[in-house]
């Protein structure tokens, strides 16, 4: 698993994939989907798929795959190596969602919550497998949100494929367990080797589990909060833990699209509103309120129109 492409620019998302085994292009296949890192405030969320021929389910089970959350890091690494070495009949693919991608998606004007992002990522990975020639007949998914609705959604998007969505699917279906291991190993490696794009000097890597309730994670967030620029892109700034700290310890900024009118907010702070610089008297010349036309317009003989 080569993460160098993601490490070179971890502000955006990245897809990694194994080669597709030839047998997966000719035989009916099953595919499992799971994620790692949904809850942490630090680091990426990784979605993984694993697929193999239906006739090879027993051989996949013989690899002793299990829910990644029940395994130690060393056990996960060993099992991933076994999965990767079984490349004659097992394939995998990952979508690494950067913290920046997650936060900007969740905070954009048109709300795009984590469930919707998760669904779209999983759908994209299934489509990737189909586009790569995998003969999918069965898909098993660890649910996000109500299982029945999610199953119905996927079944309509992929007619002809038998879709099974269950809570704790990673403990029920070996192919989902394998996907869980691939996703967790990728996230662990990405977090451990995180390349900070910001100039932070020697970064303290003791940030705990990355979950909001972890005292070490909270201490790390307080240590690396810049009062003006906020957090490095390692942090999901859309998480309430990060937002509360920024509200309490950061410098207040008033934007013109805030609930309070921009100009009134500026006056209250004894500042000029950004909009004031577009007014006729922006230059402060009260004797001649007519603004000078930029030479870009005069050279092209362009003028303002009052009527059409």
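The backbone N, Cα and C atoms fix where each Cβ goes, and this holds for glycine too.
Over in TrEMBL, the protein carries these features:
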BINDING   34, 35, 142  divalent metal cation binding site
DOMAIN    28-251  domain 'RNase H type-2'
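This view paints the features noted in TrEMBL onto the structure.
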residue: 34; record: divalent metal cation binding site; Cβ within 10 Å: 28
residue: 35; record: divalent metal cation binding site; Cβ within 10 Å: 23
residue: 142; record: divalent metal cation binding site; Cβ within 10 Å: 25
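Listed in sequence order, the residues 33, 36, 47, 48, 141, 144, 169, 170, 176, 179, 180, 183 complete the 8 Å Cβ shell around the divalent metal cation site centroid, once 34, 35, 142 themselves are left out.
Averaged across the domain 'RNase H type-2' (28-251), pLDDT for the predicted model comes to 91.
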